[in-house]
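J.: Checked Swiss-Prot, it gives:
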ACT_SITE  S175  active site, nucleophile
ACT_SITE  D344  active site
ACT_SITE  H377  active site
BINDING   R245, D378  substrate binding site
DOMAIN    69-383  domain 'AB hydrolase-1'
SITE      R346  site 'Important for acyl-CoA specificity'
Amino acid sequence: MTSPVLNPALPATAAAPVAATPSAVGSAGIVAPVFLRFDEPLPLASGQTLNGYELAIETYGTLNAQRTNAVLVCHALNASHHVAGVSADNPKDVGWWDNMVGPGKPVDTNRYFVIGVNNLGSCFGSTGPASINPATGRPWGAAFPVLTVEDWVRAQARVADHFGIERFAAVMGGSLGGMQALSWAITCPQRVANCVVVASTPRLSAQNIGFNEVARRAIITDPDFHGGDYYAHGTVPGRGLSVARMIGHITYLSDDDMAEKFGRTRREPAADGAYRYGYDVEFEVESYLRYQGEKFSRYFDANTYLLITRALDYFDPARATGGDLARALAPATADFLLVSFSTDWRFPPERSREMVRALLKNGSPVTYAEIDAPHGHDAFLLDDARYHAVVRGYYERIARELGLNGAVAPEGNPA
């Protein structure tokens, strides 16, 4: 059993380098999604069934002949299948975890075959509320089934089946993605060799559920929401979605980070420095939040926001075991890496420590890193050398165990 590693300068797993010398760090290149169609009905936790659906995916690297080098990356609330590389449709669209995944990066695509999946209900190509309901010929809208993290895992498992992957070398994710990785380890233990959970939690606190509820109410009470059927009305509940994003964005940053970025800096103050005594933008932080909200409302779907935040609320694997997290995690056979960040108040380090304690109680191999970083919850997306050293070291250990001592020849992957 691996002992927990707290605030490491370098992780113990990085001590012995893999024999092969990887190529220089680089981009995963120009990438485009593939759309997989699944006609087998998918039973959902709600009791409903989704009769056929599509999932948008992207892949990076090459699947080896033994199909043992696959890594599934699960995305957070507003992300997608576009994990790394540059979108073929937009050269400015770089993958949301491009600093983590690619040639020579912590998750080295010279060795690993990485899959990014856009979850059901999302708005980046997979079947969701904006998709056409075959029963009506109109967008699903509010009629789209409510989903859970476990529903996403069942759908993702079919992607693994599509590629003939019996067992992932690792399933990983940050935030909501970490919940999916944890769910994989519990619900499909035989299919996960390693589970990497970053800046996540085994359940939402009352405060977090409260934030989600306020965000949802902002959307639902927008006059342009039309009960979720705004597509038919040619409207977008942009005001509500913008406010929802502003609320969420505050929770992703630490107080210190916001103080350093904005402080009480004024936005175009009067010549004499006086306040304007009105309700338009007065401070830089207000301008920033408005910009983030308005930008988000132009590309994200409001019904998707409702679905995903409710899936967050419902995630609680210990609910089935009377609140005993160790019992809930007992089916897991994977090795675990957990990473938390000191200033993350959305999913604070104590939630990761709680998972570590439960796993150790079960005798599961666990490596834990608690990174002292000022950036709050969003630190999991940033290029922090200490954080990346932990992840790199862990994946190098996996590579040694799997005998991935050299780059996998790019012979093409199954479509």
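Using N, Cα and C of the backbone, Cβ positions are placed for all residues, glycine too.
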J.: Looking only at Cβ atoms, how many others are within 10 Å of the one on H377 (active site)?
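T.: Other Cβ atoms found within 10 Å: 23.
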J.: What subset of the recorded positions S175, R245, D344, R346 lies within 10 angstroms of H377 (active site), using C-alpha positions?
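T.: Passing the 10 Å Cα cut: S175, D344, R346.
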J.: Using Cβ-Cβ distances, find the residues under 8 Å from R346 (site 'Important for acyl-CoA specificity') that belong to the same chain and are at least 6 apart in sequence, listing them in sequence order.
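T.: S175, N208, T251, Y252, G376, H377 - these are the non-local Cβ neighbours of R346 (site 'Important for acyl-CoA specificity'), listed in sequence order.
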J.: Let me know how many other Cβ atoms fall within 10 Å of the Cβ of S175 (active site, nucleophile).
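T.: Taking all protein chains shown, S175 (active site, nucleophile) has 26 Cβ neighbours within 10 Å.
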J.: Quick one: what's DSSP say for H377 (active site), helix, strand or coil?
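T.: Going by the DSSP assignment, H377 (active site) falls within a helical segment, counted as helix.
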J.: When the number of other CB atoms within 10 A of each residue's CB is tallied over all shown chains, which of the recorded positions D344, D378 has the maximum?
T.: D344
J.: List the residues of the same chain that sit at least 6 positions away from R245 (substrate binding site) in sequence and have their Cβ under 8 Å from its Cβ, in sequence order, or write 'none'.
T.: A215, Q292, G293, F296, S297, F300
J.: Rounded to a whole angstrom, what is the C-alpha distance between D378 (substrate binding site) and D344 (active site)?
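T.: Cα of D378 (substrate binding site) to Cα of D344 (active site) measures 8 Å after rounding.
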J.: For R245 (substrate binding site), which of the three DSSP-derived states applies: helix, strand, or coil?
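T.: In three-state terms, R245 (substrate binding site) counts as helix.
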